[in-house]
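Comments concern the structure below.
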Amino acid sequence: MDSLETEKLVEKPYLHQSEPSPRTANKDGHHFLKAFPTTNFLSIILGPFQWLQMLCSQLNPSFILGIVLVYGLGHGFSGSYFMVVSDYYWKDVQKVQPSVVQLYIGFYYIPWVMKPIWGVLTDVFPVRGYHRRPYFIIGGTLGTVSAMMVAMGGSLAVVVALGCLIGITAALAISNVTIDACIATNSIRMRSLAPDLQSLCAFCSSVGALIGFSTSGVFVRHLGAQEALGLLAVPPALVVVLGLLIYEVKSTSQNSGKEKAVEKVGVAIKGMYETIKCPQVWKPSLYIYISLALSISTQEGQFYWQTDPKAGPGFSQEFIGIVHAIGALASIVGVIVYHKALKDYPFRNLLFFAQLFYGISGMLDLIFMLRWNLVLGIPDYLFAVIEGCVSSIISKIRWIPMIVLSTQLCPSGIEGTFFALLMCIDSLGSLSSKWGGGIVLHRLHVTRTDFTNLWLAILIRNILRIATLALIFLVPNDEHNLVRPDTLAKKSADDESLQLVSVDEEIDDL
């Protein structure tokens, strides 16, 4: 199982910041780490609540509630829960072949590919003077209706079911873009709290993912895969409530502001075009895409095999969820390893060895598929946990430098818009990985019951991962080689003019 695939529908906000280290105190002296005194056990327990109280006192409580709902219940819980339950839905309810499921899952990434469009809509097209509140309501309503339709629709046609599941992911994407816009605005208004906001996003997302993975198998067993999808209607319904409650100042100059914003969007698009033409930008961007696309996904074939009691180990629904939950915990270890030991290494060296170990670690799937673990005396359950942990740690160490590299490629003035473009490239790479893997599974005749050639598909995947190392020259040695040409700087002389919405306008909107 490839843990990198579990991270695609869930954003990683803690990597989007460019502020100083969270260990530096803010101007009020109430920093996150200072909220955890170690004098006694009670202080340690109360520390997180004191921290939240500080954030609510410095910012609007409804905004903090929005982060908890969107990142905790939305992306953390719903993203992980959706991944496991939807797999069982396609396998047990729709009875679709694994290669076809991978084709369908590729469509889940389309709403994330459209992320810059959602961002422009929230910035440029207010509804009755509000930039954020209506889009929470729109996204929440879409997610609620989609989840209820698939859960209560009985025997749905495949096209209708796929449309509903895409609707759920679209709701996640829209709510993510909207809350990110609120976070950016508040981070500009109170820069000293920017690290705390990113820490809150990461914490909520991680806790939500653990809960989602841990409970997904239980609900599938007791409710059934189709009915279990109905639980996904709850988080977006709460997002609708958030849209009604979150504090936002109504814009009074809607028409003129819209015209100015549309004009600035045109300037931003021109700046993005000029930037992407620079070799220092398109080369590492191309590597990011190819490294994701060539790592073809065999996840659905492995899932079908792991849950087959005859051909495979026949894991239960609960155990599949537990393996994913343990993998989520292991990914946190990967974050710590990168932060403590690897973050100062040059991009090219770090990505080279991360990609190399990524390909080597994929051989664990091959060992598992061929049941060599039993020859070594390692039970299936234990080996699945070991493989999940190793894969999660290495995937995270490989993933973080790519995100950091992406942030370094963004030019001044259009950082947010250009980063969204790079995330589109990332999503396209994931989509290509799913569809490429689906084609390989289909060509090798891997079906719901025939896994004879699944080992060959995994071997091809691992070889392609290692072959990606031949393109490592596209990545610069260090961040000093990422400086954009002076020609771009001249064309963007007025950085402020490249903002989609001016800082003052954004602050007024919240």
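Cβ coordinates are placed from backbone N, Cα and C, and glycine is handled just like the others.
Among the features that TrEMBL reports, transmembrane segment is placed at 63-84 (among others). Beyond the ends of the transmembrane segment (63-84), by six or more residues, the same chain brings 6, 9-11, 13, 52, 55-56, 136, 143, 165, 168-169, 172, 175-176, 178-179, 182-183, 186, 197, 200-201, 204-213, 215-217, 219-220, 229, 231-232, 234-236, 238-239, 242, 245-247, 320-321, 324, 328, 510 to within a C-beta distance below 8 angstroms of the stretch.
Residues or ranges marked as transmembrane segment by TrEMBL: 96-114 (among others). Packing against the transmembrane segment (96-114) from elsewhere in the chain are residues 8-9, 86-87, 90, 158, 162, 165-166, 169-170, 172-174, 297, 299-301, 303-304, 423-424, 427-428, 430-431, 434-435, 437-439, 441-442, 446-448: each is 6 or more residues past its ends and has a CB under 8 Å from a CB in it.
The annotation transmembrane segment is assigned in TrEMBL to 135-152 (among others).
Marked as transmembrane segment by TrEMBL: 158-179 (among others). For the transmembrane segment (158-179), same-chain residues at least 6 beyond its ends with a Cβ under 8 Å from one of its own Cβ atoms are 9, 11, 66-67, 70-71, 74-75, 78-79, 82, 86, 89, 94, 96, 104, 107-112, 114-115, 118-119, 122, 132, 135-136, 138-140, 142-147, 149-150, 232, 236, 239.
Per TrEMBL, the feature transmembrane segment maps to 200-222 (among others).
Residues or ranges marked as transmembrane segment in TrEMBL: 228-247 (among others).
If you look up TrEMBL, you'll see 286-307 (among others) marked as transmembrane segment. Outside the transmembrane segment (286-307) by six or more residues, the chain places 1-2, 4-5, 87, 90-91, 98-99, 101-102, 105, 313-315, 320, 351, 355, 358, 365, 369, 384, 402, 405-406, 422, 425-426, 428-430, 432-434, 436-438, 440-441, 446, 448, 451, 454, 457-458, 460-461, 464-465, 467-468, 471-472, 474-475 with a CB less than 8 A from a CB of the stretch.
The annotation transmembrane segment is assigned in TrEMBL to 319-338 (among others). Same-chain residues lying 6+ beyond the ends of the transmembrane segment (319-338) with a Cβ under 8 Å from its Cβ atoms: 1, 3, 6-7, 80, 83-84, 206, 209-210, 213-218, 303, 306-307, 381, 384-385, 388-397, 400-401.
Under the heading transmembrane segment, TrEMBL lists 350-369 (among others).
Annotation comment: TrEMBL describes 412-433 (among others) as transmembrane segment.
Look at TrEMBL and you will find 453-475 (among others) tagged as transmembrane segment.
Residues 1-2, 287, 291, 295, 298, 302, 305, 342, 380, 383-384, 386-387, 390-391, 394-395, 397-398, 401-402, 405, 451, 454-455, 458-459, 461-463, 465-466, 468-469, 472, 475 of the same chain lie 6+ residues outside the transmembrane segment (350-369) yet bring a C-beta within less than 8 angstroms of a C-beta in it. The listed stretches are 200-222, 228-247, 453-475; of these, 228-247 has the most Cβ pairs under 8 Å to the transmembrane segment (135-152). Within the chain carrying the transmembrane segment (453-475), a Cβ under 8 angstroms from the stretch's Cβ atoms is held by residues 283-284, 286-287, 290-291, 294-298, 301-302, 305, 347-348, 351-352, 355-356, 358-360, 362-363, 365-366, 369-370, 405, 437, 440-441, 444-446, all 6 or more beyond its ends.
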